[in-house]
Amino acid sequence: MYIKAIMNRHRLLSAATDECNKKLGQACSSSLSPVHNFLNVQPEHRKTPFIRSQSPDSPGQLWPKNSSQSTFSRSSTFCTNLYLSSSSTSETQKHLGNSLPFLPDPSSYTHSASGVESARSPSIFTEDLGNQCDGGNSGSLLKDFLNLSGDACSDGDFHDFGCSNDSYCLSDQMELQFLSDELELAITDRAETPRLDEIYETPLASNPVTRLSPSQSCVPGAMSVDVVSSHPSPGSAANQKSRMRWTPELHESFVKAVIKLEGPEKATPKAVKKLMNVEGLTIYHVKSHLQKYRLAKYMPEKKEEKRTDNSEEKKLALSKSEADEKKKGAIQLTEALRMQMEVQKQLHEQLEVQRVLQLRIEEHAKYLEKMLEEQRKTGRWISSSSQTVLSPSDDSIPDSQNMSKTKASSPQPPLPAENKASETEDDKCESPQKRRRLENIAESEDPKR
């Protein structure tokens, strides 16, 4: 679209070429404004930030040239379409007074020029060509002013440029004004260009072409500069790195290269790139992938270490808990055994007490039997004594004697040993009583006689 706009512009401007050819030499010879010095006074190997960079085959191509001056070996300046505006001097002065309070005065021109020069970035626009055009004095002055090629001058890229010698400072200010208008830049007194990156992202639309009438050839007008870059600069291309998808095959070759270089710690992006030898692979791709590979390699190891540490801690905790449980179980077992021993001792003591009680009971039983036998014996003796005391008369006495004699004469059956023993004891107890009775009986019989 931009190339088409340029072609249309050149077609429109070619119509005004014939009218301005006569005035071009006069304008170039009499209008070497301080802009020429402002643009060309640059150190060697410095380039201006405003250069049209398109393919050489496109129409309307403007190329810088090498300067032939003795003080400067090389300088690149504006190569753009410069033309006069249809606005009047009063309107431009009002416009400059209102919208450009920051533009420098003629006395402080050198300070502003140095400030603008410091803001130029040589890495944004490149390419210098040394084609020169053959012409007269006006053509050589024009080429020194704009560093244009012969083809550019012949094609009519420079049209309707004219101003008087009294408007040097005003033309300088107007040039800066239209430069800022075209680029939509806020050029401050320190020559800062904060919106320079936006120029290369979205190209600006082509400006309408204004032509200067013959009556306005000597009137100081405003200049507009068309600055558009169709190709991104190397700096912006370096900043906008191309993304690349790592396929499994690329990753395998990357891993092999890293292994050959003795691991990811010793491997460098440059060496890995040389070993891989893949087209389109840059050192930035290798560097980022190497960093990711290092992170991916060390993260699982750290996780495994953490897992092992956690497992060891768990094992230690389990072993401690098991040891504590075993100790508690052993203590409980010892306490249970001790209690069992105490219970057994108590049982033995109870058995001994029972045995002693049984012995005592047996002794008491024997003693009671003896007492019962003695009571029986005493009962028999009392009964026999009561019978003897209660006998009725004396007649009965001889009968009793006879009976006793008969009893004594009659044989008696043998008594058992126990009865004999009891009788012997009874006899022993009763013998003194019998004697007393017999004595009493005998005394009673003697007085009767």
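Each Cβ is built from the backbone N, Cα and C atoms, and glycine gets one as well.
As given in Swiss-Prot:
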- 269-294: DNA-binding region (DNA_BIND)
- 381-410: compositional bias 'Polar residues' (COMPBIAS)
- 238-298: domain 'HTH myb-type' (DOMAIN)
- 49-72: region 'Disordered' (REGION)
- 301-327: region 'Disordered' (REGION)
- 334-354: region 'Coiled coil' (REGION)
- 376-449: region 'Disordered' (REGION)
- 347-352: motif 'LHEQLE' (MOTIF)
**Asked** Using DSSP, how many residues in the domain 'HTH myb-type' (238-298) fall into helix, strand and coil?
**Response** 39 helix, 0 strand, 22 coil
**Request:** For the region 'Disordered' (301-327), jot down how many residues DSSP puts in helix, in strand and in coil.
**Result:** 27 helix, 0 strand, 0 coil
**Complete:** Model confidence over the motif 'LHEQLE' (347-352), as mean pLDDT, sits at 94
**Prompt:** Per DSSP, how many helix, strand and coil residues does the region 'Coiled coil' (334-354) have?
**Reply:** 21 helix, 0 strand, 0 coil
